[in-house]
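As recorded in TrEMBL:
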- 5-97: domain 'Endoplasmic reticulum vesicle transporter N-terminal' (DOMAIN)
- 20-41: transmembrane segment (TRANSMEM)
- 110-271: domain 'Endoplasmic reticulum vesicle transporter C-terminal' (DOMAIN)
- 249-270: transmembrane segment (TRANSMEM)
Amino acid sequence: MPFDFRRFDIYRKVPKDLTQPTYTGAIISICCCLFILFLFLSELTGFITTEIVNELYVDDPDKDSGGKIDVSLNISLPNLHCELVGLDIQDEMGRHEVGHIDNSMKIPLNNGVGCRFEGQFSINKVPGNFHVSTHSATAQPQNPDMTHVIHKLSFGDTLQVQNVHGAFNALGGADRLTSNPLASHDYILKIVPTVYEDKSGKQRYSYQYTVANKEYVAYSHTGRIIPAIWFRYDLSPITVKYTERRQPLYRFITTICAIIGGTFTVAGILDSCIFTASEAWKKIQLGKMH
């Protein structure tokens, strides 16, 4: 007797004349297909959409930066002349730079009465400060007005990612125009290294920061008031990493198979129960008639 390969068929076919369609089965089948379609589209959307996973660890992520952090500052002082505005940088490594001018620009405001300072510079990865003041001016003004608006203060690369919400420009929009003109302003920053890795594995290094501030009147040893806008910073040892991920194909296929198989199984059980109950009810009714 020749070997019949069809014996391996576990999906045996039942002739249609041996099956019985029902209205209940049709309704359940339609609902089953709609439910499967809904779950399939939901899973397909999740498979196409990029997921962003975040994690925390202790490390210096940007080791190739030479121990430097790029800073971008944009601030307006509407009541202080540009020739009086200067940027000073200090840190615990002994850096003390007065009147930093590299990669900086001063734009006159209000017909030269005020000034907008835009600068890009680097700081060492140690605690320190940078401040906007009149310290580098040739002649100190009698009553310097340090009221200001901070448009931007950011560290590292600029991340423009919709699904990442962080304090990359926490001081952006800070308005101190109604403050005491002779008051100094202290912004204490806690800088948190941040890494963003896209699907291709490319990493970008940025920094988030939290901020606390205070306002006070400071006097020099001669008794004069010399206000300044201080940004005192310290670095957190904790690094935040955002990673773009997409659901693997095998997991998507497994989920789709589970959806289809599970839905058909549950629908089959439900249909069988309804059909059995219906047949039993018919027998009971026939028994009552006889």
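Placed from the backbone N, Cα and C atoms, the Cβ positions cover glycine too.
All TrEMBL annotations are machine predictions without curation.
The shown structure was predicted, so the numbers you read here are calculated from the model rather than taken from an experiment.
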Contacting positions for the transmembrane segment (249-270) when only residues 6+ beyond its ends and CB under 8 Å are counted:
28-29, 31-32, 35-36, 39-40, 43-44, 47
Counts by DSSP class (helix H/G/I, strand E/B, coil) across the domain 'Endoplasmic reticulum vesicle transporter N-terminal' (5-97):
39 helix, 26 strand, 28 coil
